[in-house]
Amino acid sequence: QTGLVTNKYTVDSDDAEKWFQRWKRGVTGFPWIDALMRQLIHTGWIHHLGRHSLACFLTRGGCYVDWERGAEVFEVHLLDHEPACNAGNWQWLSCTAFFSQYFRCYSPVSFGQKWDKNGDLIRKWVPELKNLDSKYIYEPWKAPIQDQKKAGVRVVGDGLGDQ
């Protein structure tokens with residue numbers, strides 16, 4: 001569980017470091033986030049709303065990692081990287097500058113559901129979930145065991161123990 005769920009967090013803690021390592025590889029266990037990160041890694045591009053989702057999740061939506069670390073990952077992968085835009089967007093989305101509505105944060109579940117109802121992006125970039133029913137594609141941990149078996153996937157734990 002992320003700090004978003006437990007309401008307990010420390011910026012750049014040991015747990016935050018584990019989340020950062022998983023985030024930058026696209027293996028957080030949140031399918032929307034993982035799909036976006038895998039697309040970025042493989043293509044060098046994601047839609048600006050996908051960039052927003054990744055930045056919010058990393059900095060204040062669950063992982064509580066310093067924005068500069070995320071900006072560095074984007075610098076490595078983005079084909080259209082521009083330093084000032086990258087830094088400004090990360091500061092804005094992490095609420096360290098330019099953004100007074102700190103309570104607005106992209107949900108790693110509902111934001112993707114709004115824009116990709118069937119989970120097509122997830123099915124493409126997180127192929128281990130491609131056979132999961134659309135009802136569970138954004139929250140596979142809610143799928144009953146029989147649905148997980150039918151899809152050929154098993155969701156267990158939070159994944160922090162197996163970096």
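Using N, Cα and C of the backbone, Cβ positions are placed for all residues, glycine too.
Look at TrEMBL and you will find 11-155 tagged as domain 'Cryptochrome/DNA photolyase FAD-binding'.
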Exercise for review: Would you mind splitting the domain 'Cryptochrome/DNA photolyase FAD-binding' (11-155) into helix, strand and coil residue counts from DSSP?
Suggested key: 82 helix, 0 strand, 63 coil
Check your understanding: What mean pLDDT does the predicted model reach across the domain 'Cryptochrome/DNA photolyase FAD-binding' (11-155)?
Key -> 91
